Structure formats: structure tokens, C-alpha cells
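**Q** Dumping the structure here so I can ask a few things about it.
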């Protein structure tokens, strides 16, 4: 009993600055961000996305050019958009948004965001559990299963979910420490797994690689039942699969700890290693599985086949290091709804919710649809914050309108957000785009224009104190 | 202690990636590569946390 109280007191004392700026003496160095971004973007889901491009018939030149351009754009989005505003305000996106939108409106955003992060964390836990099942020869669900298929599967999910939740509860420092240990090892496993199986695809010298890449890996011909992806699909996916985090500004919660805005460039490690090399490597592994007659490979399966127990462990750990910051963000989002509760208690319940969701393998198989919905909702919100922090004053308008006027629901921000989401969805339908990510960037721009325009139309005249 | 642990950690990383290239050049079998990767993983996770986390605390 005494020990329990001690633990509770210890957890209560962890201060994560949810409702105040991060003080200068608590900022982290560049190396922390490199390991954090590397850990987060070298995830178990890379074993899903790389094969996706192979199955959708991306050509070799399309994947190389698309990944290069998309990852450059993603890095620039963190460096030029997310990190500068995070360092300028040193606040979480949730608290900054509350100042702009008011408590009631931001509660809606927090609920949607927290739920999405929880589902995302659940998918990471599910991918990790798949690898555990394979390594120990436990019966596990296939990629098309939606419901739990065995008791052993549930046990594996519960075990992984418990570990991830405990690590996340201890806060950012523990999350960063866990990522720091795993970060140098994980990309080497992806690289080694792909290099080791190249001879089985017919690559016996480096000179053979490009010809085999075109003929057997990224053939340009989709598998039966799959749509055809071009260089544009690859580029927009690489750029915008994390739109909520960079130009949607969710990573303000992480980058508020940066000493300088230039630390945004640390995202390049996550992009070019995790969303570059790892996607290419897992594509190679998928192509081998297809060559061997398996048209529906699982993440754990391709990792185990090429790298043994280390490969299976990599899928598990890659899932952990992504689920940790994702659960951390979910906890912060829910904290916005219930500021009186301790973050660790919220994270505990969010972790339990994610673990229960992960028992249903459908959370992983429907990941792409969830990411698309996430992009739709999050993009205009980032635009509203950027306009509020950098642009409104130039038009003589009030920033942090809800805080300044004491309102709990900013109808201007709500209108800009909702109309931007609706217009981008209508554009998606009208242009018959086969890829929702094509509409995410327009959604951001529409949200920005609407927010400034509606603020100009409906904001009350600023007081002299506000202008000063 | 750190002077012993750090080289061991790097050997762990080397055991993770070098065998794959030996498989590629036909020097090593895929089964041996998997075993060496497992050894590399164990070596890394047994040694690296001590000096990586110590550096973070500093």
C-alpha cells in the first residue's frame, strides 16, 4: 500500500507543461529530436506501406522519384511550418488551440484527435502482436480479419499494450529514452533483411539491381484487384501521410521542447530512413513473398522470413516506438478535455482503450482509411493556428481570440474548419480523385484563407491594448 | 565500464548488418545470417542502454 502511494505521488509529480510554455531550461538538444523522429518514423507500419506500393504496381522510377520529392517536402513542412511555431509559442497544440478556439470547440477537436491517436496506437500494437504470434508459432489473424481469432492473440496484444502504456505513462523523457536505445538498431534490421534476400530475387551483383527492381519488385503492374499508383501517389503519400503532425501542427507538442526551430530538420532522419529506406526494403521483402506465391503477406511474416527472430523483434519494437509517442499525444489530447485529471491517469485509460481496440485486427487492416480521415480533419486546424500566430496581426485582427474575449466557442474558427473540410471533400468527389491525400494540401490552404477572411468579417474591432 | 560496453554495442550493430552482405556475396547462408542477427540484437540491447541512457542523463 505504501509503495502504491509512493508510485502515485511520483507519477503525479511528472510535469509535462500541458498548460504553460516549456521553460528554456527544459528544452532538449538536437540529438533528442533525431532519435525521437527516427524512432517514431521507423515503425512496424513501414512493413505494411512498403508492400502497399508493390501491390499497387508502382514502377521503380516512380518510387525512387516519388519518395525523394515527398520526403523532402515532408522535412520542409516540419522545418519551416511546425517547428518555428512550436518554438515561438512553446505550447501544446491543444492549449494553443484553446486560446484561439475556446474550450468547447477545442474539446471537440481534442475528442476527435484523441480517438484517432488511440486507434493509431491500437494499429501499432496489433502489428507488433502479429510478429509475436509468428515468432512463437501462435495462431494469429490474417490481414483481412476484423475480429479476434484466438485466445493466444488476445494475450499477445494485452502483453504488448501493457508495456507500451507503462512506458508512456512515465512521460516524454522515458519515451525519448526508449526510442534512443532502439533507433540505431532498427533501420539496420530493415536494411539487412532486404539485402539478404536480394539473391533470391536474382540480384547477384549491384549492377543487377535496377533491372531486377523494374522486372520483379516495382514492376509498374498492380496486383489483381488493386488500383495503379503513379509517382504522384507516392510523392503525395510520402509528403502527407503525416500531415496532421507537420502542417497540421500536432507535433507542436513535441517540438515545443526544441531549443531552435531549425531542429525540424531532424525529421529528415525519420523520413529518409523510415519512409525511404524502410519502405524500399519492405517492398523488396514483399516482392519476394509474391514471387514465392504469397500475394497477401503479413508484416511479421516477411520480417521473420528474411531476418528470423531479430526481424520479428524489430516489428514488435518498431511498433512500440511509434505507439509510445502516439499514446503520449492521445493522452495530451484527452488532457485538453479534462484538464483537472493527471496526464498519467488519462494515458493509463487511453492505453487500456487502445489495447482493447488492438484485439480487433481490423484497426490495422483499415489503417489507410483512418489516415485519410485524419488528414481531412487535421489539415485546416494547422492552418488556423499558423494564420493566428503569424498573419492576423498584420490585418489588425486579434490573435488568441477566445482567450482575449473570454468566449468558449469561436464560431469563426469552427466555420473555417468545417467549411474547409467540406470543400476539400467536395473537391475530392468532383475531381474523381482516387487518392484522398491529393486534397489534403488544398484543404490546408482553404482553411487558412477562410480563417483570415471570416476573422476580418466577424471579429470585433481590436482594442488599443491588443494592437500594442 | 563505458569503454567496454560501447565497442560491444557496435559489434552488436555490425552483427546485425554485416552478415546480410555476406549472404549477398554468397559467403554465408541465410540461416546463419538470422542467427548472427539474433546475437547482434541481444548484444545491442544488453549493452547499449547503459551508455546511451547515461549520455542522456548527462
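Cβ atoms are placed via backbone N, Cα and C, with glycine included.
Pulled these features from TrEMBL for this protein:
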| type | residues | note |
| --- | --- | --- |
| TRANSMEM | A:62-87 | transmembrane segment |
| TRANSMEM | A:117-138 | transmembrane segment |
| TRANSMEM | A:150-170 | transmembrane segment |
| TRANSMEM | A:177-198 | transmembrane segment |
| TRANSMEM | A:231-250 | transmembrane segment |
| TRANSMEM | A:262-290 | transmembrane segment |
| TRANSMEM | A:302-323 | transmembrane segment |
| TRANSMEM | A:344-364 | transmembrane segment |
| TRANSMEM | A:370-391 | transmembrane segment |
| TRANSMEM | A:411-429 | transmembrane segment |
| TRANSMEM | A:435-454 | transmembrane segment |
**Q** Please work out whether the transmembrane segment (A:62-87) lies in contact with the transmembrane segment (A:370-391), by counting C-beta pairs under 8 angstroms that are 6 or more apart in sequence and asking whether there are at least 3.
**A** yes
**Q** Considering only the recorded stretches A:150-170, A:177-198, A:302-323, A:411-429, A:435-454, state which has the highest number of Cβ pairs under 8 Å to the transmembrane segment (A:344-364).
**A** A:150-170
**Q** Of the listed stretches (A:117-138, A:150-170, A:231-250, A:262-290, A:411-429), which one yields the highest count of Cβ-Cβ distances below 8 Å with the transmembrane segment (A:302-323)?
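**A** Comparing A:117-138, A:150-170, A:231-250, A:262-290, A:411-429 against the transmembrane segment (A:302-323), the winner is A:117-138.
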**Q** For the transmembrane segment (A:262-290), which stretch among A:177-198, A:231-250, A:435-454 has the most Cβ pairs under 8 A?
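**A** Going through each listed stretch, the top one turns out to be A:177-198.
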**Q** For the transmembrane segment (A:231-250), which recorded stretch in the set A:117-138, A:150-170, A:177-198, A:370-391, A:411-429 gives the largest number of Cβ pairs separated by under 8 Å?
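**A** By Cβ pairs under 8 Å, A:370-391 leads among A:117-138, A:150-170, A:177-198, A:370-391, A:411-429.
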**Q** Same chain, outside the transmembrane segment (A:177-198) by at least 6, Cβ under 8 Å from its Cβ: which residues?
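**A** Same-chain contacts beyond the ends: 32, 34-36, 38-40, 42, 46, 167, 209, 212, 273-274, 277-278, 280-282, 284-285, 288, 302-303, 305-307, 310-311, 314, 317-318, 320-321, 324-325.
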**Q** I need to check the long-range neighbours of the transmembrane segment (A:150-170): which residues 6 or more away from its ends have a CB within less than 8 Å of a CB in the stretch?
**A** 11, 14, 121, 124-126, 128-129, 132-133, 138-141, 178, 316, 319-320, 323-324, 327-328, 331, 344, 347-348, 351-352, 354-355, 358-359, 361
**Q** What parts of the chain pack near the transmembrane segment (A:411-429), using Cβ distances under 8 Å and only residues at least 6 beyond its ends?
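**A** Sequence-remote neighbours of the transmembrane segment (A:411-429) are 100-101, 105, 376-377, 379-381, 383-384, 401, 436, 438-440, 442-444, 446-447, 450-451, 454-455, 458-459.
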